[in-house]
Amino acid sequence: MAKSIKTIGILTSGGDAPGMNAAIRAVARKALSNGVKVKGIKRGYQGLLNEEIVDMEARSVSDIIQRGGTILGTARCMEFKTEEGQQKGADICHKHGIDGLVVIGGDGSYMGARALSRHGINTVGIPGTIDLDIACTDYTIGFDTAVNTAMQAIDKVRDTSSSHERCSIIEVMGRNAGYIALWCGVANGAEDILLPEKYDYNEQNIINNIISNRKRGKTHHLIINAEGIGHSTSMARRIEAATGVETRATILGYMQRGGSPTCKDRYYASIMGCLASDILCEGKTNRVIGYRGGKFIDFDIEEALAMQKDIPEYEYRISKLLAI
Ligand code: ADP
Ligand code: F6P
């Protein structure tokens, strides 16, 4: 028989993402409305091991839906990757009466949730990462805000790049995934988009592209480079030397991870947060929430972690075609 849940814990883990607060709010308020107690765990798995656990009421999550970051704080915790750390985490959950846990984060955080589930704590993961790199879902909380922030910043760089007739390399986040680069590359009309999943490291192609664009009268050349490729500053030096075109590198960095979440991020976070609470209250465990084919659904964590995701081929081809 499914375990009946009395207290749900919530933690955010890995890199923060805009919309995590909206998810925390939704998890907490839906659980409370289901008659279940709620506890917030600060600083991810590290905070769990340090017993940084606070009671949460409906008012604990007031005035946070519009705020970036996470009110619970987040961390990366090496100790939680060990069997001892995971056993300790489960013991602390038992001690505080936490029998269900919602983990908001990425694939790494899901592995922690899977470990806790094996130790008898019911767990559900919510996809929270700006990188969009979770295979079981078409959407991850934070992506929309991050690409809009990056797009606006890139527009600004483009203005000055055009005025000075320069080439600009703009590096965007995404860890090993190229989704932020692809979306910004298309939305900002970049001449070259470098994705870790596709890049052949042949810089001569970029150089030839810049030279032929100059001949055709283009006054700027925008290259969106994904963090997973990196080395934008040295790339700029080599490209300038080979083309004679002044080239500058801009690394957007952490600004992409902050800021007030967009409507889309708040909405998805709110629905996913409620669904996570409901799933736990139904007694399910070792699940993750996803959005696929226009529907909010849940998967087994094991199944979700085994899935693969790649840059859609048609979108990639279009991204190159539109830059002519
Ligand atoms: P993300 O969740 O965004 O993928 P990380 O990969 O940094 O971010 O993982 C976040 C945290 O999840 C780690 O710091 C660690 O505490 C926990 N974690 C990651 N991998 C595992 C694992 N294999 N087993 C248990 N916990 C893990
Ligand atoms: O996963 C989100 C992300 O911002 C990635 O895009 C980036 O590679 C990473 O986190 C940076 O992590 P940290 O905050 O540890 O520097």
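Just so you know, glycine gets a Cβ as well, placed from its N, Cα and C.
Take the ADP site that TrEMBL assigns to R25, A26, V27, A28, R29, G189, A190, E191, R216, K218, T219, H220: the candidate from R59, R158, R248 listed for it is R158.
Binding of ATP is attributed by TrEMBL to R76, C77, G106, D107, G108, S109, and the same site annotation extends, among G15, G19, G35, to G15. Checking the binding-site residues C77, G108, T129, R175, R248 for a CB within less than 6 Å of any atom of ligand 2 leaves T129, R175, listed in sequence order. The Cβ neighbour count for M173 (substrate binding site), using a 10 Å radius and every protein chain shown, is 22. Taking a C-beta cut-off of under 8 Å and a sequence gap of six or more, R175 (substrate binding site) has these contacts in its own chain: D131, D133, E227, G228. According to its DSSP assignment, D107 (ATP binding site) is helical.
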